[in-house]
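According to TrEMBL, the protein carries these features:
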{"type": "ACT_SITE", "residues": "A:17", "note": "active site, proton acceptor"}
{"type": "BINDING", "residues": "A:13, A:14, A:167, A:194, A:285", "note": "substrate binding site"}
{"type": "BINDING", "residues": "A:14, A:194, A:196", "note": "Mn(2+) binding site"}
{"type": "DOMAIN", "residues": "A:5-255", "note": "domain 'Pyruvate carboxyltransferase'"}
{"type": "SITE", "residues": "A:13", "note": "site 'Transition state stabilizer'"}
C-alpha cells in the first residue's frame, strides 16, 4: 500500500505567536487562498493559544479570530479549515460559532496529563459533525505509559486522531519513535505529530514519527510558528516526495507561497537563537523565558540554570511562582560553593 | 565505554561562502579566541573552497587566508587549527605554508568518485606531521559501494579519518545510516560526517551518523555555512548533552558566542529559502543555481525543473554547458506537450 500523509498547515495559528497575533483579514485571506491552490488539505486558523486566546494573559489579537476564520473559509474550495481549542481558554460556544462559519476540524488541546478535560469539547465537536483531533501538548513531560493512557482517553471521547505535540521542541528522534510506536500498538485511531524546531530536530523527528506509523503531520510554511518554528511545510513536502510518500500538495506552488508571500509577513526570519535553543534544551514553556530572565537578574544567576531546573522539576504553566523560588535556591547554592 | 564526539567548527571556512569570503583578521581572531575559550577541539579556517580558493572563479577573499589562519593560530592555546584543501585548487606549497604557520589538521577534499587525486596531498600532510582527513564531497551522488571504495583509497593513503560530506544537503537519514554503517564495516579509521541543512535534516542526519558510529562531526555556529548552513554547532552540543554524549565543549559559552558575536557578522540569517531547498531537493552544486535561472528565463521553463534534471543525470562541476542543453530539451518537451 502506498503511504499517504495528511498535512495540516499551522502557520495561521502557531505562526500567530511569531507575529504577536497581528494577522489581518487580508493576510489570512491571501495565504489561505494560496494554500488552497497548492492543495493543502487542512489549514488551521486561530489565535496562537486557540479559540478565545485573545486576552491580556495570552496577547490580544489585532483582528477578531472569527473574522480571520471567515476570511479563510471564503477563499477555499479544496482545503478544510481547522481550529485549535484549549478547554479553559476556549468555550463550547466558540466551537459552535466556528462550526457555523464552516470550520470542519476541531483540535482539542490539553497538557499531556490532562486529557480528561477534553471530553466535553471532543463530544460537542463530534455532534457538530466536525472531524476531531486530541492534541497532547508538552508530550515530552510524560512517560510513554502516561501518554498512552491519556491518548486512550481522547480516543474514548470520540477523537478521530490523537497528536503527540512536542510543544517545547524538546524530544529526540528515539523518544518520538517510542511514543508513536506505543500509540500505534494501543490505539485504533490516526496518530499525528506536531514538532517544534528548537533543537533543529523538527524534520528529523517528523520522519521518525512517519516511519513508526504517524499519518497526520503538522507543518508551518517558512517555519512560521512559536519558538524556532515548526516542521517547515514546503521542505517536508520535498523530503516526502524524495521518499515516494504522497501528500497531494503542489511542491513548487508551496515553495513560491513561502518565498513570495509568507516571508514578507515575518517580523524576523525563524532561526534557532539562544532563547529558542534554551527552551528546547530545558524542555519548558516559552512563557517561562521572560520570568526566568527577570529572576536571573534579581538573584545574580544564569537564566538558563533556572530554566534547566524548572525542566527537571517538570514545572507546568500556572506554577510561575516556582521560578523565583528556584532562582533564590540557585543563588544560595552559588554563595555556599563560592 | 562512554561515547565521545570530536567536533570541527567550520564557520570560518564553510561560512566564508555565506559572507562572500569577506572575513577580516579581526573577525577571525575574535571568533577563534571565543571558540578556543569554549574548548572547541578543531577550528577550520580557509577560503570556502579551501586553500588557494580566492580567485575569479570561486570568489576573491577580502583578506589573504594565510593572514586569517595566522590570526587564528595566534589566539588559541587549546583548539587546533584545520585547513581544507581541494587538489587542483590548493597546492602542496599552500599546505606546507599552512603547516609552518601552525595548522595541525589537513582536510583533503575531492568529489566522491575522485579520491585518487588526494594521494599526494594526504601523504604530504602526513609527512608534515599533520592529522589528515579525507573529505568525500557530494557523497549522495555515489552508490554506497563506490563510496566505500573511494574511502578505502583515502585510508590507504594514510588518512586518519574519512568524512561523508553531504555538500548539497541532499541525503536522508536512512541514506546516511547505510553509508556510515558500510564505512564502519570496511574501514579501520575514524568516520566523520559533514551535513548541510537544505532539507532541514542536518541535525537528524548527524544523529543518524553518530548512532551508526561516526565520531567526527562538523558543525557551524549559528548555521554559518553554504546554502542553508550546516549542523548548528551550539544546538548539536545541547542535543548531545541531552543524549549523555561528551564533546568537552562549554555549551553556555558557545551559545553566547553564537548570539553575541557570530550573529552580528551574518549578512542575513541562515534559513531554508527557495534556493537552498531547491539545491537539496535536486541534489546539485550550488554553483548551478544562477546558470539554471538564466537558462530558465531564456527558454521559458522553470529553473527547478532544470536543476532536477541535472540532479537525475548526476551532472558534476565543470559540466555547466549541460545546463543550457537541458533547458532547451525541457522547452521542446513543453512545446510538444502543449
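The backbone N, Cα and C atoms fix where each Cβ goes, glycine too.
Note that the structure is predicted; figures quoted are calculated from it, not measured.
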I want to verify one value. Collapsing DSSP to three states, which class is residue A:194 (substrate binding site)?
strand
For residue A:14 (substrate binding site) and residue A:196 (Mn(2+) binding site), determine the Cα separation and express it in whole Å.
10
Can you tell me the three-state DSSP label for residue A:13 (substrate binding site)?
coil
Near-site residues: Mn(2+), ref A:14, A:194, A:196, CB cutoff 8 A to centroid
A:10, A:165, A:166, A:167, A:169, A:195, A:218, A:220, A:225, A:226, A:229, A:230, A:231
To which of the recorded positions A:13, A:17, A:167 does the lowest count of other Cβ atoms within 10 Å belong?
A:17
Relative to the Cβ of residue A:194 (substrate binding site), which residues of the same chain, six or more apart in sequence, are found under 8 Å away?
A:10, A:135, A:163, A:164, A:165, A:166, A:167, A:217, A:218, A:230
Largest C-alpha distance in Å for the substrate site residues A:13, A:14, A:167, A:194, A:285, as a whole number, is 17
Close in space but at least six residues away in sequence, with Cβ under 8 Å from that of residue A:196 (Mn(2+) binding site), the same-chain residues are A:166, A:167, A:168, A:169, A:202, A:225, A:226, A:227, A:228, A:229, A:230, A:280
Between residue A:285 (substrate binding site) and the residue listed as 'active site, proton acceptor', the C-alpha gap once rounded to whole angstrom
13
Residue A:285 (substrate binding site), Cβ-centred 10 Å count of other Cβ atoms over all protein chains shown, is 24
Summarise the model's confidence over the domain 'Pyruvate carboxyltransferase' (A:5-255) as a mean pLDDT value.
97
Counting across all protein chains, other CB atoms within 10 angstroms of the CB of residue A:14 (substrate binding site) number 25
